[in-house]
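Trainee: According to TrEMBL, the protein carries these features:
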type: SIGNAL; residues: 1-24; note: signal peptide
type: DOMAIN; residues: 24-128; note: domain 'Ig-like'
type: TRANSMEM; residues: 166-187; note: transmembrane segment
Amino acid sequence: MVTQPGVQLHMLVLLFSVVDMSQPVCVDVPSATEAVLGEPMKLTCIACLKREEIKARTRVDWYYMPTKEKNVPPNKTHIYRFEDYNLIEMDGPFKGRLFWNGTQDLQDLSIRIDKVKYDDSGVYECHVFRRFEFNLFAPTVLITKDIKLRVKEKASQDTAALYSEITMYVLLVFLTSWLLVEMVYCYRKISRSDEQTQDAA
C-alpha cells in the first residue's frame, strides 16, 4: 500500500511531537529511604499535574514522626510548609537544616535535609493540597505520601537500583535512536514522493 505524501507528513509531525523535549515530563518516582550520616538527603515528593490542571494553587506541608504504627495516634511534628511560593520552616530539631528542593512547575515538591543526624530517622509525610481553577468551579484534592527514612553511618551498595538505572538509560537510548531512524525514513519517503510528483508534472 502506498502512503499519500500528506499522510506521511502527518506521521512525521507526530514523531517530532513525541520527541519534543521542550514539553515538561513528570514521572512519579518514590523517594530514597536511606540517608548517610552528615550528608544531605533529598525527600522526594512527586505530584504530577495533567495538562488541563496546570492552573492550580498549591500548598505543601511536611510532617515528621519517629514511628508510625497502625491504630496508634502518631506523634506528628509539622516541620515545613510551602504556600504561594512562600517557604516556612517551623521551629524544632530541623530548624536551619531544611531547604526547598522542588521545581518551578510544582510537580516536584521535594525538600532537602542538610547534615543528616541519627535522630532524623523516622517517617516523613508529604501533604499536597491543590485547588484547581476552572471556569465554573474550583475542585480540590489532597495527596499524602509517606517516606520511611533510615540513617546509616555509611552508604550501602544497592545493586538492584544500579542495574535498574543502567537498564533505564539503555532503554532511553534505544527508543531515541529508533525514533530518529523512523523520522529519517519518513523524511526520505516524503522527498521521493515530492520528486515523483514534480517529474509527473
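Cβ from N, Cα, C; glycine included.
Where the annotation comes from TrEMBL, it is an automatic prediction and has not been curated.
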Trainee: Using DSSP, how many residues of the domain 'Ig-like' (24-128) fall into helix, strand and coil, respectively?
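Mentor: Looking at the domain 'Ig-like' (24-128) with DSSP, the answer is 6 helix, 42 strand, 57 coil.
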Trainee: To what whole number does the mean pLDDT across the domain 'Ig-like' (24-128) round?
Mentor: 89
